[in-house]
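Asker: As annotated by TrEMBL, active site applies to D167, D566. Under the heading UDP-alpha-D-glucose binding site, TrEMBL lists S131, K137, E138, D167, K308. The feature Mn(2+) binding site is assigned by TrEMBL to K309, D333. Annotation comment: TrEMBL describes 43-61, 73-92, 645-665, 677-695, 715-735, 756-777, 797-815, 827-847 as transmembrane segment.
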Amino acid sequence: MDDWKMQQGNLGPEADDAYDDMSMLDEARQPLSRKVPIASSKINPYRMVIVARLLILAFFLRYRILNPVHDAIGLWLTSVICEIWFAFSWILDQFPKWFPIDRETYLDRLSLRYEREGEPNMLAPVDIFVSTVDPMKEPPLVTANTVLSILAMNYPVDKISCYISDDGASMLTFESLSETAEFARKWVPFCKKFAIEPRAPEMYFTLKVDYLKDKVQPTFVKERRAMKREYEEFKVRINALVAKAQKVPPEGWIMQDGTPWPGNNTKDHPGMIQVFLGQSGGHDTEGNELPRLVYVSREKRPGFLHHKKAGAMNALVRVSGVLTNAPFMLNLDCDHYINNSKAAREAMCFLMDPQIGRKVCYVQFPQRFDGIDRHDRYANRNTVFFDINMKGLDGIQGPVYVGTGCVFRRQALYGYEPPKGPKRPKMVSCGCCPCFGRRKKDKKYPKNGGNENGPSLEGGSDSVFSLVFSPTYCFFNPLTLNFIYTCGAAVEDDKELLMSQMNFEKKFGQSAIFVTSTLMDQGGVPPSSSPAALLKEAIHVISCGYEDKTEWGSELGWIYGSITEDILTGFKMHCRGWRSIYCMPKLPAFKGSAPINLSDRLNQVLRWALGSVEIFFSRHCPAWYGLKGAKLRWLERFAYVNTTIYPFTSLPLLAYCTLPAICLLTDKFIMPPISTFASLFFIALFLSIFATGILELRWSGVSIEEWWRNEQFWVIGGISAHLFAVVQGLLKVLAGIDTNFTVTSKTTDDEEFGELYTFKWTTLLIPPTTVLIINLVGVVAGISDAINNGYQSWGPLFGKLFFSFWVIVHLYPFLKGLMGRQNRTPTIVVIWSVLLASIFSLLWVRIDPFVLKTKGPDTTQCGINC
């Protein structure tokens, strides 16, 4: 009726205002996000082809097993084993992509619900973690740009706290962060005044776009020029600090006040915390408050295990829990700046949604990269993984955690289980009146302070400790204790309280303030605590012995036991029943740098693959871990199993890449002559493979060039980095030989893509070089043999040549990487090529395929003179 009256113009201005308020209220009650299913016209044919490919593959393997090649039984058996493994790994990779989805967020509804005009801002606080180790490989200017983009993000300043973990205890990082804090006083108001995107100054000033677009303020050009000059002066100061740090003085570094730098010995130093912004003087040039900026370097002593990045992240969790205790945490690598200033709001559309947010442990954003060549020679963008695989997982139980660009729920990192739905209350008596209700049974407390699988967020009914330390009371509540005493058994309750307190200290460590903060699911710090006391407690929780005899790294926080701690951490949360969300805003939330050099790229892939092998041989192997609770969905388990066994595909892949060349050199076949009916299955198999790829590209939006680069590097990495990862993983498990990895360099070349053409020798280049030469020699030998034997030998040759060319084409980017910019092969590669070519030439001469094998007389019957 109101709508009709408005159309007729019968409602006055007061009614119009009331109607607008009602519409806004209704809009605020709407969901903050929604699933966008893939169109049935795209996804249904895709699923049909998958099922058809599975059936065709079953018939193909049956035919291969039942029809052996007796004159080349070794080659046949090897090929069949490889094909069975490929089919198994394809199933693990394919079926988790059965339910791909997209998502939409509604930032306007988020503002209407939590940022109402005239009321306090109700958006949840966020603690942001940035980790760095070596300022020589992770340049301070790169880290500074990341920090500046965080401080200038579009979020209430009193809700943001940025923590920088300096695990190398470098004075260069400390001083550059001090310079960054000073420059932020000018940069942050400039970004917010003119709505700058992106808010990392290096990327903003180097953008090749029209920076005047949508800018209407007359002073913009003048202020932009002034800010660019300020940033160039800031870069000069950072460069001066870097130049000064190149040579360490004999007496060690000295701070400006004349005292020695505590981190002169990077392996033996105390814990350090410095609050640059957020307490006193944390205002910009216009007098507005700035977000908190905290420098953290945890204590390190000889004889203690520090657990690399995972240990540093856990130290940040504890420090932030003491100082700010935001309910959500965003972690970024030092080279991943915030490209979309509203990224945190995008995550809050899921985490603060009253319908789905309670069971979401983290929101993962895709990784996007700057500085990659247009053709992406080595598949650095990982588009197939981020735009296809992760969308598929989002339709099951959520994407895996990939190490950066992820917003966590703090309670999920603390090992708590997701909250359950409301249950019907039961009448429980205190025991003094037997007429009503049933008697309350005593609760046994497990060792971990919660239920069998970990504590639950339900709190309040499971233990006396959860009542005393509930998020509602925060501290010991005498009213609650008095209530317990009046219900009887005061002495027993005191014992239960003491046991519960000991259990929580065993779980979280001996810090009363931090243990209290873990039970405040809405965040916040005790109002009665002084900043000095909190800083003292923060130093305590980053001491190197704090985690001893606790569950840090085993059940809560970042999980130890693998150099890919990100996979393990997300896996443990999913096993507890949490789900994760994949958020892909139109404007990428974060952007970082990637190693575009061939050797650096292979070393990066080696590190990831070795971490997967370590998980496979650990107690957290997804094949069997968490089967008892059954909270991890089966397709999600398939995906996690695939993330741990994919390096083992390197063994059959290496064998399969050399089989065509061996067949060409020895004139053998791995398949018997096939009938017309069997050939139809071969054709159908190839068609189903191509159809699956094409339909995947259709619903995901990935380009065919990106898909092809991914296929090429799958072969290159499979026969090099993955192979070395399997060998090193076995050596670590069987012989205890550990491998040390260096941090991937984030430095950039002065010339655009100059690093792409730089050749760096590494042993990872040997297997692909060997496979490439074997196939080239095999092709030459096969063609020469066919020319020598005549027309009838060309037919069988085509099948062998097809697979050899398949290997060579997949290794083509690797060959270009060896050639460099001038298309000149480096000397070391020439030496290896000549050596390997000589070996296989001798083998070829020994086989002697050009000489026809003719039967002669039997010398055993007629002797030497026959």
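Glycine is no exception: its Cβ is also placed from the backbone N, Cα and C atoms.
Computed from a predicted structure; not experimentally measured.
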Asker: Among the binding-site residues listed here, K137, K308, K309, whose Cβ has the fewest other Cβ atoms inside 10 Å?
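Answerer: With the binding-site residues K137, K308, K309, fewest surrounding Cβ atoms within 10 Å: K137.
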Asker: Top stretch among 43-61, 73-92, 715-735, 756-777, 797-815 for CB pairs under 8 A with the transmembrane segment (677-695)?
Answerer: 43-61
Asker: Nearest of the recorded positions to D333 (Mn(2+) binding site) by CA-CA distance, picking from S131, K137, E138, D566?
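Answerer: Among S131, K137, E138, D566, S131.
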Asker: Find the one among the recorded positions K137, E138, D167 whose C-alpha lies closest to that of K309 (Mn(2+) binding site).
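Answerer: So, of the listed recorded positions, the one sitting closest to K309 (Mn(2+) binding site) is D167.
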Asker: Output, ordered by sequence, the same-chain residues six or more apart from S131 (UDP-alpha-D-glucose binding site) with a CB under 8 Å from its CB, or 'none'.
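Answerer: Expected: S165, D167, K309, A312, M313, L316, N331, D333, C334.
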Asker: Under a criterion of three or more Cβ pairs within a distance under 8 Å and sequence separation of at least 6, are the transmembrane segment (797-815) and the transmembrane segment (43-61) in contact?
Answerer: no
Asker: Around D566 (active site), how many other CB atoms lie within 10 A of its CB?
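Answerer: Excluding its own Cβ, the number within 10 Å is 24.
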Asker: Cα-Cα separation of K137 (UDP-alpha-D-glucose binding site) and D566 (active site), in Å?
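Answerer: One finds 21 Å between the Cα atoms of these residues.
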Asker: Would you measure the largest Cα separation among S131, K137, E138, D167, K308 for the UDP-alpha-D-glucose site and round it to whole Å?
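Answerer: Site span for UDP-alpha-D-glucose, by Cα atoms: 16 Å.
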Asker: Could you state the CA-to-CA distance between E138 (UDP-alpha-D-glucose binding site) and D566 (active site) to the nearest Å?
Answerer: 20
Asker: Using Cα coordinates, what distance in whole Å links K308 (UDP-alpha-D-glucose binding site) and D566 (active site)?
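Answerer: Counting only the Cα atoms, the answer is 13 Å.
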Asker: List, by number or range, the same-chain residues at least 6 past the transmembrane segment (645-665) whose CB is under 8 A from its CB atoms?
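Answerer: Distant Cβ neighbours of the transmembrane segment (645-665) are 75, 78-79, 81-82, 85-86, 89, 92-93, 609-610, 612-613, 616, 715, 718-719, 722-723, 725-726, 729, 767, 771, 774-775, 777-779, 781-782, 785, 797, 800-801, 803-804, 806-807, 840, 843-844, 847, 849.
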